[in-house]
Structure formats: C-alpha cells, structure tokens
Amino acid sequence: MNLQIIILAAGQGKRMYSDTPKVLHHLAGKPLLTHVVETAQQLNPDAIHVIYGHGGEQIKSSLPNLPVHWVHQAEQLGTGHAVLQAMPHIPDDAYVLVLSADVPLIQVGTLQSLIECSQRQNPDHSVLALLVAELENPSGLGRIIRNNQGEIYSIVEEKDANEQVKNIKEIYSGVCCTLANNLKKWLPQLSNSNAQGEYYLTEIISLAVQNKTPITSLTAKNSFEVQGINNRQQLQQLERTWQQRAANQLMEKGATLADANRFDLRGELYCGKDVYIDINCIFTGKVVLGNGCKIGPNCSLTNVTLGDGCEVYANSVLEGCHIANDCHIGPFARLRSGTQLASHCKIGNFVETKKAIFDEGTKASHLSYLGDVLLGKNVNVGAGTITCNYDGVNKHQTIIEDGVFIGSDTQLVAPVTVGANATIGAGSTIRRNVPPDELTLTESRQKTIYGWKRPVKRERD
C-alpha cells in the first residue's frame, strides 16, 4: 500500500496573539508540528506533505531537518483548498491520511486503526474513514450529522450550526483517510458558500454520499487525541495532559515522583529501579538515571547520564554531563557541557564546571569554578578555587594529577600542571607547573600596623 500523509499547517493562529506561527509553539519541549510529523513517521508512509502558508518561511527555517515535502498554500482559502495543493504530488492509487499540525497528541495506534477502516469494507475502492469523538464540551468543533440508520451524511461546522446541531456531542476531529483518487474527484467540487467563505474539507462527506462512497467512522478512545490548540489556554491544558501521561508511564515502570503535577519532561527520560524525583524538576533532551538515583527539588537536567546510586541535591543545573556511580552533586551546583565524573566524586554547593573530567574519588565541595581541567584520582579542591582558563582570546587547560590537595582561594592560571600528591597553600596564585609531592604556595607576608586607627565619620555641616 502506498501511504501519503498530508499535515495541515498553514493556519495563522490569530488567537495565539503571537508573532510565532502556531505550529512552532512548543509542547513538552518540541514544536507542535514536530509532534505530528514524528507520529506520522511511525506509520512508515511513502511521503509526508506539510501544507504551509502563514509564516511559512519561518516554519521551514526553524525545522530544516524535518523529513517532509513542503507544499505552499499561497492563499489561506480553507482546509479543502489546502489539501488540494498537495494532490498533484500524490499518485491516484495511494491512500491519503489527513492530519492537523495543531492536534499534537494523536496516537499511532489510533491512526493505524483508521487506515484499516478505510480499507476494511471495500479493499478495491476505498471508503472514506473519519476519526470522530464524543466530547462533553464540543464547542467550536464540527458536528457529525447521522441519518436514522446511524450513517454519517454531513458535518456541520460550528459557525454554520443551528442550536439543534450545536447540542450534538459527536465531533469530527479533522483526521480522515481515503483513496487519493476520491479526493482528486471531490476537492475541485468544493464550494465556499458558508459563513467563513472558505473551502471546507468537511464538504467531501456530502460529495461522498452523492457518489455512494461508503463512509465509516472510528471513535477516538481518548478525547485528548483529538483536541486541537487554538489559544494559549488550550496549549497549557494539553501540556499538562502530556506531562501527566509521561509521569504515569514513569511511575508504572517503578520511578517515584514526589508530585506528578510538578514534573516536566521535555525529551526522553529513562529510569532504573528505585529512582526518586522530587518536585519541580525539568528533564530536557535525553536523560538517563541509573538505579537508586535521587533528584532533589528544583533541578534541571539536560542531556545527562547518571550512574547507579547518584544523588543530585536541590537547585542544581546539569547539562551535557556523564556521571558515573555513587556521585553527589549540589545543592546549587552547575555542571556544564563536557563534564565527566568517575565514581565516588563530589561536586558541592556553588561549584561550576565546564569541560571538566574528574577521576575517582575527587571532590570540589564549595564555591569553585573548574573549567577546561583534568583532575586525577582523590583530588581535594578547596573552597574558592578557580581555574583561570581564558586569556581573553583562547582557552587553556589545567591538569591536576592524582592525590593533589588544593588549599582554599587558589587561582590556577592555565596552561599549568600540578604534579601528583602536591599540596598548594591557601590563597596561592599558581602560574608555573607544580612539582609532585611538594608544598607550593605564593606567600604574601602578614603585616600588623600597630597604633592604626579606623577612620571616624565626619559630622555634616
């Protein structure tokens, strides 16, 4: 079977009150259009056609790597007109699945069932299969009209509906599947004699009835699958729906969330056994948490891997890091891209790292900046230590070998190497390589000024 998918993404999204096209607004860390394209890809179609119009160049430039065929709708004359723009690119014998870019939570299984419905009754001549839903509040959506035999014979849009039709709770989702040859016959016959003055795709139902093409429907099991986004309130509602489902899936697999309503996933999160996640944590990109990991409140992890038994304390930010087993991080720590910790390391409060590689058992417990640095095993970095890695033009590396003890308030001016088991005295500024097994310090002699008096505040005139 040749499957062609059309995604409608040309709408202006006026009710978003935004300069950003609606389909580029984010849900769970990804643009709405990306959600729909990724779902479509799972159906293994022969092609995905995205119909763009308003803000089209911005959409294309923001999502340059989407595996789609872009089709321009120069004038936004309605959903039927939008689908018509793609038809010259689609073979007559292909099956066409029409999706909306602002309906992001449609599920693959539902779409597979709808495609099967479009073939089930008459494999040689496709039926028109519609995805419908029963909603308690169907306001704003097209209503399904059935005859006395329960057969669909029309869809009436909200703006064209009378009060009797508005009381119907069965709605059309905007998702349908049929043979391309059917669409090529029906779409040129659409009329714009309606309240909007547009060519509605829903009018193909009456044309199918006239042509005696069978119409079948599939009712979505979950109402969120057919919920569209037209304003920021609806975007927020679907965001919470997505997050609640993600939280439930994690808990079903054994993770503990302190509060599933205060959890945000903006990518992929993989948890081992007995993982604990406190409130207000954000996970972005791909995050892997090993067995027994604990994440404290208000933490942000982006593209991070944590080994077994790690604990990240409150208000810590980790990005692009690989952390081995039994490490402790925070509170208020910031680990930037390129940070790697071997097992049993500690990064304490108000420590920032960047391109820092720690070997086993190394600790930096307080108030330090460690950038472009290699640290050996069992190094102790005192409070206030800074690797001075930038000369105003280039970055330089600091190497600290095994067993080094660095006293508090030390500046290491890179490039510099500190030899194994060396000790650096507190308050030192190290500009040259430090020999192993020795004490090195830069001494400024302490002086006492006897008889010195503090200044006295002058009386004002």
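Glycine is no exception: its Cβ is also placed from the backbone N, Cα and C atoms.
Here is what Swiss-Prot records for this protein:
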type     : residues                                                                          : note
REGION   : 1-232                                                                             : region 'Pyrophosphorylase'
BINDING  : 8-11, LYS22, GLN73, 78-79, GLY142, GLU157, ASN230, ARG336, LYS354, TYR369, ASN380 : UDP-N-acetyl-alpha-D-glucosamine binding site
BINDING  : ASP102, ASN230                                                                    : Mg(2+) binding site
REGION   : 233-253                                                                           : region 'Linker'
REGION   : 254-461                                                                           : region 'N-acetyltransferase'
ACT_SITE : HIS366                                                                            : active site, proton acceptor
BINDING  : ALA383, ASN389, TYR390, SER408, ALA426                                            : acetyl-CoA binding site
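Known features from Swiss-Prot, placed on the structure.
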residue	record	contacts (Cβ under 8 Å, 6+ apart)
GLY78	UDP-N-acetyl-alpha-D-glucosamine binding site	LEU190, ASN192, GLN196, GLU198, TYR199, TYR200, LEU201
ASP102	Mg(2+) binding site	GLY11, GLY13, LYS22, VAL23, LEU32, GLY228, ILE229, ASN230
GLY142	UDP-N-acetyl-alpha-D-glucosamine binding site	ILE155, VAL156, GLU157, GLU158, ILE171, TYR172, GLY174, THR202
LYS354	UDP-N-acetyl-alpha-D-glucosamine binding site	ARG336, SER337, GLY338, THR339, LEU370, GLY371, ASP372
HIS366	active site, proton acceptor	GLY348, ASN349, PHE350, VAL351, GLY382, ALA383, GLY384
ASN389	acetyl-CoA binding site	GLY371, ASP372, VAL373, LYS395, HIS396, GLN397, THR398, ALA414
TYR390	acetyl-CoA binding site	HIS396
SER408	acetyl-CoA binding site	GLY382, ALA383, GLY384, THR385, ALA426, GLY427
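In sequence order, ILE51, TYR52, GLY53, HIS54, GLY56, GLN73, GLN76, ALA82 are the residues of the chain that are 6 or more apart from ALA10 (UDP-N-acetyl-alpha-D-glucosamine binding site) and have a CB within less than 8 Å of its CB.
Whole-number maximum of the Cα to Cα distances across the acetyl-CoA-binding residues ALA383, ASN389, TYR390, SER408, ALA426: 22 angstrom. Each of the binding-site residues LEU8, ALA383 was scored by how many other Cβ atoms lie within 10 Å of its Cβ, and the smallest score goes to ALA383. Secondary structure from DSSP puts LYS22 (UDP-N-acetyl-alpha-D-glucosamine binding site) in a helix. Across the region 'Linker' (233-253), the model assigns an average pLDDT of 97. In the region 'Linker' (233-253), helix, strand and coil residues by DSSP number 20 helix, 0 strand, 1 coil.
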